[in-house]
Every structure is written in C-alpha cells, then in structure tokens.
Amino acid sequence: MQLFNNFVLATKYSLTFSRINGIWLRNIQCRCLSSIQENSTAKNSSNVPAANATERISHEQKTQSQRSQNSLHIAVIGVPNAGKSTFINNLINHRVCPTSSKVHTTRKASKAIYTSGQTQLVFYDTPGLVTPREIKRHNLEQNFKSAYKHAIQHADIIACMHDVSNSWSRNALHSTVLETLNEYKHLPSFLILNKIDALKSKRVLLELIRVLTNDTISSTQSLWSRKQKNRSKRIEETQDKSPALSEEKKEKDVSWSNFQEVFLVSSLTGSGLNDIHDYLVKVAKERAWEYSKGSFTDETPEAIVVESVRARLLDYLPQEIPYNLHSQIEYYSEEKGTIYASVEVTCPSSRIERLICGESNGKLKQITERVTSDLVETFGKPISLTIATRSKKANESKKI
C-alpha cells in the first residue's frame, strides 16, 4: 500500500512538472518567433535606406565623373591651302578631313573629335577664308563664307593657321583673317605658323613672330618661346643673317595684337604638334563631353566617301576642271565588316568625262585606288568602291 501511494505521488509530481515544462517550452517558442519577426522587420526597414544610399552613391559617382571631364571647341581658320585639314588629321592621329594639293578642298565646316584622358578636343575644320571674287572664280557655294562663321560661333578658342612657306604672303595676315579675328575678338586666339620645314632660315621665323603679332608676344608669354628660348639664341648665332622685313610692312593692318600664344609647326611632318596638344588640354574647360570616346567626326560615312572622292579629283585633274564636277553617293552599305560604296561623278560635258576616265579608264582606276586607300585609313575596314562618271549631255555612264 505504501508503495502504491508513493507511485501515485510520483506520477502526480511528474505530470505537474510536464505541464510546467510545456508552458516554459511554449513561452520559449513564442519568444523566439517574436525575436525572429522583429529582426526580419528591422532588416527589411534597413534595406530601404541602404538601397537609397546605393543609388545616391551611384549618382554621385556619375556626377563626379562628369565633373572631371574637360572639353574644348577649336575653330581652325586661315586662307585656302594653309594646311588646316592636314594639321587636324595629324594632331588627332586619324584621317578625318579630306586633303588635296589644291585650294578649297574643304567646302563646309566639319568636326574632328579627339579624346585623350579626361579631355575631349573638338576641332572645326573650316573652309578657307575667301573674298567674293574667289567665290565666283572657283564656283563655290553661296553659303561658303557663312560656314566658318557658324563654326566660330560655337567655338571656345580660335586657331589661326598661317602658311610661312609662301614668300609672297607670309609677311602679313590676310585681310579676311584680320576681319574675322576683329569680328570675334571676344574669343581667345593663338597663331600657328605652319610649314616651317620649308624654311631654311630660322631667323625669318623669329622676325615673322614679331611682325605678325605686332611685337606683343614676349618670351615670358609664349609657350613656344619659353621652350625654345635657348635654342633661338643658338639659331641667331649660327644662322646666316637674312635681310629683315621691310619697315613698310610692319604696320598694324598686317598683324593681330591679341594672340595669346604662337606655335611653330609642320603639319606634314608632325613637328610642334605635341606643344599645341598640351596647350589645348591645359586651357580646356571643365564640362561633360559632347561625344562618346570612340567618336572621330560628326560626318556620316556617306558624306566622308563623297568628300574623299572629290578631294582626289582635285589632285588628278588640272586647273579649274574639278571645281565644275558634282559627286554624289549612289549606294552605301556595310556587310560582314566590309564597306560597299558607289559614287557618281557628273561631268559638264563628254570631253571632261573622257579626261577623267583617261585612256582605257586608266586615270579613273588610279583615282579609285587612291580614294579606296584613303577610306581604308579613315574607317579602318576593307572597302569596295565604285566610281561612275556621267555626262550631263549623255545618258551613258562609265564605272570603275
């Protein structure tokens, strides 16, 4: 009996302990669930500011990247055949502007884009500054003069190109150049003395700097003078004395007093171009780029093809004949990395057409090969080019 009572008492205590433990276990489970829910809520609420912070950081980085970008728009002006297009091509190290040995190769303003590091330079290749008489003589468009004005209006600085190889015109800035500089005198400008490789006497260059700038560029102001100060002294001592420029030509109407810098370059050989590059990067303005990093020009591929054909026609045809021709694109496409293009050249007469084609179309073949080589250099891709000629007075056409 005593054993039975002890068993009942033990069972009672066991049941009581189990109930208590159950309550404790349920309480522990509830507390754990509550803690998990609180942590989850806190985590979700903390994700919102974290996401906002990420977006804010990304926006700040993008803004900072734009702020660190610099750009400069340069209008390159000068008389015809001063070497503006060659200068731009060699400075940006990319053939963008068509060139030829004749004047008025560039008929409209176009952009050449060069991006180096954080700086983007946008060059305006402008038509040569001409008089109304020259416009009529070379059958130029009526908007020929307005083309360079439009470029200057969008530029930050003016680069004045001057050909020093021409002994007849190198001692004075052309009247059209002076008029343009005076009209836009609110813009900074610098002088580029081009084709210095054609001069044997360096003393003439030193005298030209003094005359063309009205003796306003000193060795402490000019970037070139600072770098070449000691070399200039040696040149003066070693070079034969050349006759000084006539006092009659040292007048204000042949010079411009507001040039900020003077550079001596040879666009053909590349001499002196690095100094201009460094100067333009230095004076560039802090602002976002206008074009992507891989851009070289704003011209369409079709326009580049037509202008390249027209430029080589200037080289291969005599006198005024190429100025009376009209070139237009017939076909353009790109398939599997190869460019296919066809250009039609309209001639004023059958005689001119025969002159272009040559015997057995030999001359037209030479022109086509030369243009093809130019375009391969421009686009960096294989090109299949066809040039067709057509006379206004005949329906037949010849193709090469």
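Placed from the backbone N, Cα and C atoms, the Cβ positions cover glycine too.
Because TrEMBL annotations are produced automatically, they should be read as predictions rather than curated entries.
The structure displayed is predicted, hence computed values, not measured ones.
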* Please find, within the list 78-85, 134-141, 270-277, 390-397, the residue stretch that TrEMBL describes as region 'G1'. => 78-85
* Taking 34-37, 86-89, 194-197 as the choices, which stretch does TrEMBL tie to region 'G4'? -> 194-197
* To do: Using DSSP, break the region 'G1' (78-85) down into helix, strand and coil residues and give each count.
  => 2 helix, 0 strand, 6 coil
* Per-state residue totals over the region 'G4' (194-197) - DSSP helix, strand, coil -> 2 helix, 1 strand, 1 coil
